[in-house]
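J.: Pasting in a structure now, in structure tokens, and then I'll have a few things to ask.
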Ligand SMILES: C[S@@+](CC[C@H](N)C(=O)[O-])C[C@H]1O[C@@H](n2cnc3c(N)ncnc32)[C@H](O)[C@@H]1O
């Protein structure tokens, strides 16, 4: 496909997304119907679609209207690409722009320039203060590809040449002691020997930093209360010789964990009944959240979130924390984490919990903003007296 034809495909897919089809489904359906597209075409089209979803408001304003065609026009304008080189009308390229289309559009301002939903702007301003613009700008760009080197198997310095031999170029990141930032060859990771042999895991830098900040010690009994795919369980297991147990309300989410643990040479037990296995020295509650710290990876979430949804999430977050509190040993640690930057899901949930649970005190609190090597995250470390 020509570069212009890839934009043509992106327009088609974006129109379906604007009609309500989830992005992944629209991309897969298009790929099934379009056998002529190779893997590089599919990857480039996906990048165009997600670049626009991250900037849904500003590209519509700068392109003149919320349609796939106008939003591609808005993106090209933002990126300083001459629209006439894409809207050529040749082959599968988008049709040439009419005079009305060329005249439409204006510079995005306010909430549109920040690419945040208008209804939530005040809430973000309240949570982030002077950091709002930096936060919003980070979400308008692609997320970094980050690896965690499995320190049980090799050092970070030794991992760099091993990855390079497989065409994956990575550099040391400040985000966490075992973090690498991949600068080239990211698409080769999943099929690499380094990945298959458990030398590295794909894991965001701030996620790694959360696991690093936990007061883990050899010999502890540890519960990952919302383990999901087990990213944090694995990062914890690389740090200490402790007994690790992983629980998730949705047991299906844990299905890949045994295989991931085997690859990493880690021991993690799947736990179906945390109450039966209590007490624990350390419990991590990496709770379900809005994902507002990681919307650059999943930009549809940014446009889907509303006040009701946020309220339901905060209720669930409080419930999980209260359940976990009953399972912590005296003197033990209850850690609460979200990949959100919103006060409502972070400081406020912890403050209400502490107000009702005098037996716990706040030992440490960390806020991460999305940046070059990591997503936005929050961690509160609570100690049981
Ligand atoms: C943010 S994700 C966890 C990500 C995971 N810790 C990681 O690092 O890969 C939140 C998880 O919480 C789970 N969950 C939802 N409600 C829950 C509940 N009431 N108790 C425990 N887990 C729950 C979800 O199924 C989801 O897997």
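Just so you know, glycine gets a Cβ as well, placed from its N, Cα and C.
Unlike curated entries, TrEMBL annotations are predicted automatically.
As annotated by TrEMBL, active site, nucleophile applies to 339. Under the heading S-adenosyl-L-methionine binding site, TrEMBL lists 248, 286. Annotation comment: TrEMBL describes 135-385 as domain 'SAM-dependent MTase RsmB/NOP-type'.
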J.: Across the whole of the domain 'SAM-dependent MTase RsmB/NOP-type' (135-385), what does the mean pLDDT come to? Round it, please.
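T.: It averages 97.
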J.: Tell me which residues of the chain lie with their Cβ under 8 angstroms from that of the residue listed as 'active site, nucleophile', as long as they are six or more apart in sequence?
T.: 206, 207, 289, 291, 292, 293, 294, 375, 376, 377
J.: Here are some binding-site residues: 248, 286. Which one has the most Cβ atoms within 10 Å of its Cβ?
T.: 286
J.: Three states by DSSP: which one describes residue 248 (S-adenosyl-L-methionine binding site)?
T.: coil
J.: DSSP on residue 286 (S-adenosyl-L-methionine binding site), three-state: which is it?
T.: strand
J.: Secondary structure at the residue listed as 'active site, nucleophile' (DSSP, helix/strand/coil)?
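T.: Its secondary structure by DSSP: coil.
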